[in-house]
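Visitor: Per TrEMBL, the features are:
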DOMAIN    27-429  domain 'Major facilitator superfamily (MFS) profile'
TRANSMEM  27-45  transmembrane segment
TRANSMEM  65-89  transmembrane segment
TRANSMEM  96-112  transmembrane segment
TRANSMEM  165-184  transmembrane segment
TRANSMEM  190-209  transmembrane segment
TRANSMEM  246-264  transmembrane segment
TRANSMEM  284-304  transmembrane segment
TRANSMEM  316-333  transmembrane segment
TRANSMEM  339-362  transmembrane segment
TRANSMEM  374-394  transmembrane segment
TRANSMEM  406-426  transmembrane segment
Amino acid sequence: MFNWLLPSAPATQLIPNDQQPRAYLKYRSRILISTILAYAAYYVVKSNFTLASPHLTKYAGFTTAQVGLVLSALAISYGIGKFFVGLLVDRMNPRFSVGIGLILSAIFNWCFGYTHSLGVMIILMIFVGITQGFGAPSCQKSLATWFDAENLGTATSTWNISHNIGSGTASIIVATIVSIYGAANIQNIFMIPSIISIVMAIIVMTMGVDTPESVGLPRVNKDEQKNIKHKTTWGAFRDNILKNPIVWAFCIMNAFSYILRYGIENWIPTYLSTGKGFSSVITNTGYTVFEYAAIPGTILIGLFSDKVLKGRRVPITLACSTLVLIATPLYAGTHSVTITYLLLGLMGICIYAQQVLMGIVIMDVLPIESVAGGIGLSGFFGYAFGEVIASYGIGSIVGSNNWNGAFGIVAISAIICIVFFIFIEFKYHHKI
C-alpha cells in the first residue's frame, strides 16, 4: 500500500552513454529547481508565525514571552522531528517525503488562524515542527545523490537560497495580506500562505525524481565509501554517524550557529517595530533584506569554496562568524534605516553562508545512506538547543525591555563559533 514511499527500483534500461550528459543536466536541473521550490514553501510556512507575531501581540493579547514560548515549541519539535524523520527519510523516496511533509505542515499552520489559545498554539506548533522535519533531510539527500563532491558545495549553496526565497516571500505575502485585509485579520495571515504551500507541494512531487539509477543513469559518486549500504537504520546510524567525531563536532556547534541566526532573524520584526520604532513597511523591508541579500552571497560563497578553496569550508565559516560579531553591536546601536538595512544584509549573507557550509561538511564526510540522518542530527542540536535559546531565552529577556542583553547572547555565540572554527582549522591541518 505504501510501497510508493520507498526508494525507486533501478531502471531496467540504461540511457545510452552519448545521451547521459544531457540527461544528467536535465535531471539535475529538475532536482535543483524542485528542492528550491519545496524548501522555499517549507519556509513560507515556518516563517509565518514569526511574521504574524507583531499582530498577535497587538490584536490577540500575546506577550513577547508567549510568542517566544510558541517559537520554542517549534524549535524543540522541529529539532526532534528533523532527527527522527531524517533517519526515516534515509529509507524513503525523497520526492514524496518532501511533498507529504509540506502538505501536513501547511495544514497545521492553517489552524493557527482559528485559535487564540496559547496551549492550542503550542500543540499546533509541535505538529508543524515535526512535519517540517521532512524538508531539509529530503532535499539534501536528493542533492547528495545527484551531485558529486566537486559540485556539491555550489549545488547546496544554490539550494540554500530557498531559505531566503521562502522567508522573504513569506514577508511579502504577509505584508500584502495586511495591506488588503488589515493587520487584525489573523485568519488570512495564516490561511493564504498555507494554501500557497499546499499547491507548491503538489508541483514539487510532480517535478521530482529519486535517484540516477531509477531513471537509467549510473550513480554519481564512484567512491565506495559514499555508497556503502547497511541493512538496518540503526546500523547505518551507529557506524556512519555515532562513530564520526567530525559530525558530532559540527552538530554541537550548530547550536551556537543557530543562536546567531535566530537571535537576529526571529526578532527582526519585533526589534525594528518596538526597539527602534520603525514603521511596519520598514520592518517588513528589513526582514526581506536579511533574507534576500543572502541569495547571491550564499551562491558565490559556495562556488568559492568549491572552485578556489577546493572543497574547504572552515576558513569561510570563520570569516562569517567574525563579521557577524562586528555587525551585531552596530545593528543594535544604529537608528539609521539605511545602515540597518546594510547591516541586516551583511548578517544575512554571513549567517546563511556559515550554516550552509557547516551542512556541506556533514554531507561531505557521510555516506549517501546517512546524509539525511546526519543533517537531521545537526538540525536537532541547532533547533532544540540553539533556537530555543534564541526564541524563548531572548524572548524572556526582551520582555523586560533588555535588547542589549539579547544581543549579548548573540555576540557570545559568535565568539564561541570563532574559537571553534580556529580549533578545527588547526586540528585537521587546514583540510576541512
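Keep in mind that glycine also has a Cβ here, set from the backbone N, Cα and C atoms.
Bear in mind that TrEMBL entries carry predicted annotations, made automatically and left uncurated.
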Visitor: Given the cut-off of 8 Å on Cβ pairs that are 6 or more apart in sequence, determine whether the transmembrane segment (65-89) and the transmembrane segment (374-394) share at least 3 such pairs.
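Guide: Yes, since the transmembrane segment (65-89) and the transmembrane segment (374-394) share at least 3 Cβ pairs closer than 8 Å, they count as touching.
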Visitor: Which sequence positions outside the transmembrane segment (165-184), separated from its termini by at least 6 residues, show Cβ-Cβ distances below 8 Å to it?
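Guide: Distant Cβ neighbours of the transmembrane segment (165-184) are 36, 39-44, 46-48, 51-52, 55, 58-59, 192-193, 196, 265, 280-281, 284, 287-288, 291-292, 295.
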Visitor: When each of 27-45, 96-112, 190-209, 406-426 is checked against the transmembrane segment (374-394) for Cβ pairs under 8 Å, which one has the most?
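Guide: Looking at each of 27-45, 96-112, 190-209, 406-426 in turn, the most contacts to the transmembrane segment (374-394) are made by 406-426.
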Visitor: Given a Cβ distance threshold of under 8 angstroms, which distant residues of the chain, six or more beyond its ends, lie next to the transmembrane segment (339-362)?
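Guide: Distant Cβ neighbours of the transmembrane segment (339-362) are 140, 152-153, 156-157, 160, 163-164, 246-247, 250-251, 253-254, 257-258, 260-261, 264-265, 268, 272, 276, 278, 285-286, 289-294, 297-298, 301-302, 305, 313-314, 316-317, 319-321, 323-324, 327-328, 330-331, 371, 374-375, 378, 417, 432.
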Visitor: Over the domain 'Major facilitator superfamily (MFS) profile' (27-429), what does the predicted model average in pLDDT?
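Guide: Over the domain 'Major facilitator superfamily (MFS) profile' (27-429), the predicted model scores a mean pLDDT of 89.
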